[in-house]
Amino acid sequence: MKTVATLVVLSIVGSANAGVSINNPFYCYSTDLIRPQVQMHATRTSYEAVRRTSVNPTVSSCTPSRFWFLSRHGGRFPHPPDLQDMFDFADSTIQEDIARNYDAGRTTLCRQDFEMIRDWRRDPNLTLESASLTTEAGRIGMRNIARRYQQFFPTILTETYDRQRFHFRHTRTMRTNTTIRAFASGLFGESESENVFFEDVPENDSFLRPIDFCPPFREEVANQHQQVAFENGPEFEEMMEEINRKLGFHGSNQLSVDTVLVMWEWCRFETATYFELSESEIGDPSAWCIPFSISHQSILEYYQDLGYYHFTGYGVRNQRLIQNLNCGLMQDLLTHLQSNSSADTTVRVFVTYSQMVQALMVTLGAFRDDINLNQHNFAQQTARHWKTSIMTPNAANFVVVRYDCADGDHDLVFLLNERPILVPGCDIQTGICKLSFILSRFQRFIGVNCEDLFCSSD
């Protein structure tokens, strides 16, 4: 069995180079047999691209008895404004312009890459009506996640649905609805999952979407100056120059930042969608990943990470507010873990969004870096813990399993995306936490009125 410490290191280094990679203007994406950038697409990263490990259900010698699951929705189509920008880009003359540049010898594209860009067509089935909905790949991925957890913990995640044992809740959006239903069908099969009861979603859902109902939070994170400053900084500027040179755009004809970011949206969306459905270890290629070298992908990943770090991460000045946002979830988790009543549910499943999974990691103290991420320290943060590609890819899920021990102080195992994570204060070799330690450390959430606490700095 690999130790938690080893797994954490692998999860960080495996998604990016140990140092800042140097741009290769002649990099040929089509012939790259590794393509590490599939693991570097921030919150649009394919779940399967970063999972690549198996849960060890026997990490504790005690008996697994309770299962608590919080997930981000499965892979989705872009939101309406982003999808419209992508359509406008696809309908533009960008391919013809690149072809002219290639024919004139102004690009550094290899022949295979040029032909892929030239021949690319957007999926005719992709429409604005699809915006924000889960993709087929996203639903398949969630069913597979459920089946794997069931394989690991068959005595808890039974194949037969029992409302007294299972609790399901999602938010008001269709993408969380279809995600949780896909998870249920993975556990119970298509037919029996029709009988699953999903808790009613309240109008003001401070439980699974607290950031929408907390004005102080919005005020706290209104100014994303670190991300904007990085976009205007030297690394980003150099990246833009290199991308334009690769595609043959010079002088006044250079592509704008907005255009390049739309290219990257196509790259991320197609890569994640193809990867989930592909039998290849590196997934099927996307033409719009071609303009970006691996070093460019690192810069764009950091750009995204900066935004989340200063939104629902450790970069927010009022850390207590971020820690309190998930009061309802923490209270539910702690109540679930300390319950010994046979009348209580043994499996609790919730589906929400990436920001809430990130904020919960902050509450737990996981994935914290010694030095804050900022506009100036990209080169020093290549081995950072806060990587949204690893933390919150599509279908990111956080699981706590309780193992009942004879002495009554039960073992807890914390998993993120089927990898054990280390909660500060727990066993550094196994990742196991004692229930008594977790209850003591987070006792302020037990019995409190979360409607008062979730949006406060108390």
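Cβ atoms here come from the backbone N, Cα and C positions, even for glycine.
Just so you know, TrEMBL annotations are computer predictions that nobody has curated.
Of the listed cysteines Cys327, Cys405, Cys426, TrEMBL assigns the disulfide bond with Cys62 to Cys405.
Cα distances from Cys62 (disulfide bond) to the disulfide-bonded residues Cys267, Cys289, Cys426, Cys433 are smallest for Cys433.
Distance noted between the C-alpha atoms of Cys433 (disulfide bond) and Cys267 (disulfide bond) is 40 Å. All protein chains shown were included, and the count of other CB atoms within 10 Å of the CB of Cys433 (disulfide bond) stands at 23. Cα of Cys405 (disulfide bond) to Cα of Cys289 (disulfide bond): a distance of 50 Å.
The Cβ of Cys289 (disulfide bond) has Tyr29, Gln37, Cys267, Glu270, Thr271 as same-chain neighbours under 8 Å, each 6 or more residues away in sequence. Non-local contacts of Cys426 (disulfide bond) by the CB criterion (under 8 A, 6+ apart in sequence, same chain) comprise Phe414, Ile432, Cys433, Lys434, Phe437.
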